Amino acid sequence: MSEVRIDGLMKTFGSAGVRAVDDLSLTVAEGQLVVLLGPSGCGKTTLLRCVAGLETPDGGTIEIGGRLMFGRDGRIQVPTHKRDIGMVFQNYALWPHMTVEQNVAYPLRVRGIARQERSRQAREALALVECEMLAERLPSAISGGQQQRVALARALVARPGLMLFDEPLSNLDYRLRAQLRHQLRDLHRTLGFTGLYVTHDQTEAMQLGTVVAVLKEGKVEQLADPASLFSRPASAYVARFLGIGNRLELVRDPDARWVVGGGDVRLDLPAAGELPGTRFDLYLRATEVGLAAPGAGPADPDVGRLPGVVTDVVYSGDSSDWIVQVGDSRIVASGKARAWPFGPEDRVEVVFRHSSALLYEQDEAGRLVESYGVRTSLVP
Amino acid sequence: MTLTQERNAATGPAQTPAGSRAKPAGRRWALLALLMAALILWPLIKLEARVAEDLSGAVDRLLGYRDLGRVYLNTVIIAVGSTIVAVVAGTGLAWCITRVPPRWYKVMSVLPVVPLLMPSVASVQGWSYLLSPRTGIINQYLREWGVGSGDSGPLDVYSMTGIILMAGTILTSFVFMFVSASLRQRGAELEAAAAACGASPWRTFRTVTLPMMRPALVYSTAIVLLLALGQFTVPLLLGTPDRIDVVSTAVYKVSADYPVDYALGGALAFPLLVIGLGVILIQRRALRDERRYVSVSARTRQVGLKTSGWALVPIVTYLVVAVVLPLVALVSVSLSPFWSGRITPSTFTLDNWAAVWGNQNTVDAITTTLTALLLTLVAVLPLSYLVSVALLRRTRVPGVIRLPIDVLASIALCMPVSLLGFAFLFTYSEPPFTLYGTTAMVVVAYVTLAIPFAIRPQLSALTAIGPEYSEASRVSGAGSLSTAWRITFPLIRSGLGVSAALITIIVAHEFTVSLMVTSPTRRVIGSLLYDETVSGTAPNVAVLSLLMLAVTLVGIGISWLIAGGNTVDKI
C-alpha cells in the first residue's frame, strides 16, 4: 500500500506568515503519478518537502501507505529517513565524493543490505536508466543528463513506497528534457511506482501525470487528468498557466450583444441557457484561431468572427504567428509557415469555433462558464 | 543537516506509533548554547562579579595603581599605531597581489600568510637579537659602518616605536587575509565594466574598487584594533627594559603576585571588555552589510590590469622582515655557545639543542603542549562543527537558541586574550574546579580560545555545499549520524582541515593565557620560554622559540592529513 493522503495541510513561512501551503488536501492512489503544476511560489515544492519530511507543516495530516507520517498537531512526525521514500532533486545532489555506483547503492547500504547484493541491485537500477557503463565514474565526470539519470536510479534502487520528484528536468537543456521525459514515462509504466512530481512545465505535466494538480497560492486550483485539464481548464488562472494566451474582454451591451474590449467590435455568444453575468473573459488558443478575408465565408452560429488588422507576422521555422489587433486586444494566430496570405496592415477576420473557446467569469476566481461553448449544433 | 527535525510536542509519548519521534523544540541545541555559555561567558561573569563585590576596594586600588594613566595611554598609542601600520601594510600587500605577474600569482598570494605560522614570541625574540641596542646584530653592523656611535644604538627595539612596528608587522597578515579575500571576491568584471565606461585606472580604483573593499577594510580594522588593544607578547618582551606597560601586561603582573588581586585585575581590564562588546555590535552590523557587497564570484582576475615584477618587492620584503630575518637570528643564536651579538659560524654547536633535550623541564613542557594540542583538537572540532550546524540558516534551530550561540562565538573573538586568561585563572583555580597546575586547566582555556576560530571555516564549507546533499541522504533512508559521517564530513573535509590548522596555530602560539594558567610544575613551551627569558640564557630561549615553531608545523601536518592536502593557502 503506498497511497498518499494529505489532509488540511498548512505551512506558513516567516514572521509575515506567508501561506505556502494553505489547507490543502490531496490523495495519490497506488500506482498514480500525480504532478503538482504551478508557477514558482505556488507552494508546490513546499508541499513536496512536507511529504518528504524536509519541512515541518504547521498543521494537517500526511499519511503514506496507511502510516501516519505527520499529524495530531505535530505530535507525530516520522523523520525523513524512516518514511521509505525516494527523491530526485532539481540539481541532482549526487555526492561528489562517491562513485556513481556508490551513490546508487547508498540507500541499500543504509538499509543494511550486504555488499554483493547491493552492488547487484545498484547495477540493475543503473541498467534501468541506461547508465550501467558509468558505474565506476565520479559524478563530476559525467554529463548533466547522465547525472540526473543516476539520481533517478538512486531514488528507485530501494523500491521505496513513494517516489518524489522536485523539478528533476529543469536543469537540463531542451532536447535532454524531452528524452528524459519519455524515459520517465516508460519507467512509470513499467515499474508502476506511486509518485508525486513537481514541475512548472505544462508539457512535462501533461506527458507524465496520471493526474495533474494545478496549484495556486498553496491551494489546489484544479485536479484532473491531463486530457480534461487541457480541454477544459477550470479557471482563467489555469488557462493562462497552460499557455492559452489570447484574451478578449467581453461586456454585454443593451442589445444583448457582446462588445469586445471597449472598441466597437461586436460578437454573438451561443450558450445553452442564459449566461450568468455581463462581463466575461474569452480565451482562445493561438493554434485554434484562424484568419480569413473580411466578409468571406458564410454565417455559422458555431463560428465566431472578429474584424481586426494584422500588425506583425513572426516567422519561426515550421509555424508562424500572426499578430492581429482586435479592438484593444492583441490576438495571436498560429499556423503553418504560409497558412494565410496576410501581411502587416491587412484587414482580416479572426475566426474561431465556439466549441474550442473558453469563457471565464471576470472576477477574482475566474471560474469557467460551463454553459458556453457546449455545441449548439452538430458540427464535428 | 539537522540533528533534530522534530517540533514542539510536549505530551503523549505513549501514543506515538513505532518509528515516529516527538521531542521538545531544540532541547539538544539549548544544551549546546549552555555549554558555550559555560565555557565563554561564565568566567567573564564570575570575574566581573568579583569586581562588583569588592567595587570600592577595587576602584581604590585601581586609582592607586602606579602610572595608571600611562598604562592606558600606552595601550591606546600602541593599539592605534600598530593598527595603522597593519592596515596600511596589509592593504598594500593585498593590492600588490593583484599586480603580480600571473606565473607568480599562486606563490605570492600565499606568502603574506606564512608569517601566521611563525609564533609571535619567536619573531619578537628574533628581532630582539637583531635590534637590541648593544648586542643587536644589525646595530653592530651599523656602528661598524659609522652609523651611530659608542657601544649602543643607533636602533632600539625596546622602545615604543619598536613595539608598534613589531606588533604592526605581526598583525599585517590578518589585514591581508581579510582584504585580499574581498579583493578576490570582487570580480574583475566590475572593474572592466568601469574601464569600458571610460574610467581611468586610478578613477576605477577610487570609484569602484575602494568602495567595494570598504566593508572588508572596516571589518579588518575593527578586528585588528581589538587584537592590538589586547597585545601582550610584544609589549611584555620588548617593553620591560623601559617599563612600558599596557593593560594586558599590567593584568599579567597582577596575576603573577600572590595572593592574586582578582578584583584589581578585573577592574584594570574592564575598559577593554566594554570596547570588545562595542565592537561586537559594530561587527554584527558590518557583517549584515557585507552580504550586500558580495559580488558575482569571478575566476578572471587582472582583466586589463598592468602587472609588474615590482609588485613582488613589497611581498618578499614583508616575508623577509616577518619571517626570514628573525628566523635566521634565532637559528644562529640557538647554534652559538653564548650570545655575543655576532654570527660566527665557526663556533656553531648543537650543544644547546642537546642540553634542552636532556632537560626534564623542557621535555615535560613539550609533552604538555602536544597533549594539550591533541586534546584541544579532539574537543574543539566536534564542538565547533555542532555550533556551525546550529548557525547555518537552513538548520531549524529556534531563534532564541541560535542568537545566543552566535553572540557567544563572537564574544570570545572580541575579548582581549589577557582578560580571558585572567578570568580562566580566577574561575578554574577555585573550587569546584581547582584545576590549577593541571593539563586540564590548560586544555579548557585553549578550547575556549580556539572555538570561535574553528567555526568560520566549517560554517562556510557547510554553506557552500548547500542542503541538498544531506537531504538526498536522508530521503535515501540514512539517519542524522550516518548522514553526517558518510556525506557531510567527507564533503567539508577541507573546512575541517582549515579549522584544525587554525586551532593548531592558536594553541601552539599561545603565550598570554599560557603564562597565566600554567603553574611552575605544569608548564607549556610558551610559559617555559618566558621563564627562560627572565632567568635563562639567550641560546636556550632561541631553541624554545624554534621548538614552538616546530610544534606548529607538526599540527599543520595533522591538519594537512585531515584536509587531504591544501590547508595553508585556504586559511
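Just so it is clear, glycine is given a Cβ too, placed from its N, Cα and C backbone atoms.
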Listed range which TrEMBL flags as region 'Disordered', given the options B:1-22, B:331-352, B:463-484: B:1-22
Dominant neighbour of the transmembrane segment (B:157-179) in B:29-45, B:216-238, B:309-331, B:404-427, by Cβ pairs under 8 Å: B:216-238
Stretch of maximal Cβ-Cβ contact with the transmembrane segment (B:309-331) [cut-off: under 8 Å; candidates B:71-97, B:109-130, B:216-238, B:433-455, B:537-563]: B:109-130
Proximity of the transmembrane segment (B:537-563) to the transmembrane segment (B:29-45), 3+ C-beta pairs under 8 angstroms: no
Contact call for the transmembrane segment (B:216-238) and the transmembrane segment (B:404-427): at least 3 Cβ pairs under 8 Å, seq gap 6+: yes
Criterion met for the transmembrane segment (B:370-392) and the transmembrane segment (B:262-282) (at least three Cβ pairs under 8 Å): no
Remote residues contacting the transmembrane segment (B:109-130) - C-beta distance under 8 A, at least 6 residues beyond either end: 90, 93-94, 97, 100, 136-138, 157-158, 166, 169-170, 172-173, 176-177, 180, 233-234, 237-238, 315-316, 318-319, 322-323, 325-330, 332-333, 339, 505, 508-509, 511, 526, 529, 533, 538, 541-542, 545-546, 548-549, 552-553, 556, 568-569, 571
Surrounding residues of the transmembrane segment (B:496-517) on its own chain - C-beta under 8 Å, 6+ positions past either end: 116-117, 119-121, 230, 232-233, 248, 252, 255, 369, 372-373, 376-377, 380-381, 384-385, 417-418, 420-422, 424-425, 428, 436, 441-442, 445-446, 449-450, 453-455, 457-458, 461, 489, 524, 526-527, 529-530, 548, 551-552, 555-556, 558-560, 562-564, 566-568, 570-571
Within-chain partners of the transmembrane segment (B:29-45) [C-beta distance under 8 Å, separation at least 6 from its ends]: 3-4, 273, 383, 386-387, 390, 397-398, 401-402, 404-405, 408-409, 411-412, 415, 419-420, 423-424, 426-428, 444, 447-448, 451
